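Taken straight from TrEMBL:
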TRANSMEM  20-38  transmembrane segment
TRANSMEM  50-69  transmembrane segment
TRANSMEM  110-129  transmembrane segment
DOMAIN    111-265  domain 'Alpha/beta hydrolase fold-3'
ACT_SITE  S193  active site
DOMAIN    319-379  domain 'Alpha/beta hydrolase fold-3'
ACT_SITE  D347  active site
ACT_SITE  H377  active site
Amino acid sequence: ADSESGEGLQQQGNIMGKKMILLLIFGVLAAYYIYTPLPDNIEEPWRLMWAWFAELLGISHFMDILQFFMSLREVPVRSDENVTVMQTTFNNVPVRVYVPKRKSEILRRGLFYIHGGGWCLGDAAFLNYDFLSRRTADRLDAIVISTNYRLAPKYHFPSQFEDVYNALRWFLHQDVLEKYGIDPERIGVSGDSAGGNLAAAVAQQLIEDPDVKIKLKIQSLIYPALQTLDMNLPSYREYPHFPVLPKSLMVRFWSEYFTTDRSLEKAMLFNQHIPVESSHLFKYVNWSSLLPEKFRKGHVYNSPTHGSSKLAKKYPGFLDVRAAPLLADDNKLRGLPVTYVLTCQHDVLRDDGVMYVTRLRNAGVQVTHNHIEDGYHGALFFNEFKIEYRIENQYMSWLHENL
């Protein structure tokens, strides 16, 4: 009996010890974020900590906790004095449709918008996306389609891509455009972050789709994630712990897009996930030649350290051009429409966008690159008014001129 009692006390002690370690780690993280300067009204670091802590305790999956927090800011379908809002489906994919109320004597622009959230989070109903869609519809006198798509960790690539592509193809049917009074020669696709990734991917796919007769006039990519090969770009080196989107979170988003197997995340975090037989792909993301001097300054390009072939064979999606649009060859890029790319200086994804700008221009595509020196990932939606207002105005002005 004494032996059993001793073992019970030891187990309780082990549990208490683990809890104390977790609390200590949580306290360190809390202190880090308290003393790290942040733009006003950014609450995401606290949400990240709670989600991480809940996952460590085995309460829930990290992404499920974050999605719960985001769902608290979703808004119902409701029209206002300027815009009529409707919920429907395009080829079984849920979308919100935003239609200006004022009469138009001509066919309107059409913009297909894809929300961000690391392929794991977000919804067209999220307050920020609903507000942006209303503003876009009203300011541009445009029909805005804000699409949803299945999310990880429940669904993995290519589910997200397929949902967005199927909804976009449906939207591009002539009868659908006629129903909403849209000019078939003035249609664009846009998205932010993971939504920018999906926008770039579907724009590339449309080029090779013989069944789609109506083509895009523009694509607009807001701080997009575009490549899975190199997690050690200068932007990843400079801002590995920057709040909102630290390197560890971006790598987690990428890995969750393909699998819940954490071994891929670990390999990506150490930049050892690309097998030697895929080394030829690095020419598409070689930042030593694709980044302008201002972004390369002070950094030395290191030849990639190759990883095992097992991960690539098990999860081939992370080498698929539909997941990583920067892997497209120049022949495919040449067929892309007029493009707008917005990048932010304080963002691990900065160099993805900058390299895409270089490659598109080299392929002869007309590109407008808007780089925000004081910007950070997600700045379009945070209440740092000067940055948010400036980014939105530049984005809207470009759409007005080119769509």
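All positions are counted from 1 along the displayed chain.
Every residue, even glycine, has its Cβ placed from backbone N, Cα and C.
All TrEMBL annotations are machine predictions without curation.
Given the structure is predicted, the values throughout are model-derived calculations rather than measurements.
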Rounded Cα-Cα span from D347 (active site) to H377 (active site), Å: 5
Cβ atoms near H377 (active site) (within 10 Å, other residues, all chains): 28
Cα-to-Cα gap, S193 (active site) vs D347 (active site), nearest whole Å: 11
Cβ packing number for D347 (active site), 10 Å threshold: 26
For the domain 'Alpha/beta hydrolase fold-3' (319-379), the number of residues DSSP places in helix, strand and coil: 21 helix, 19 strand, 21 coil
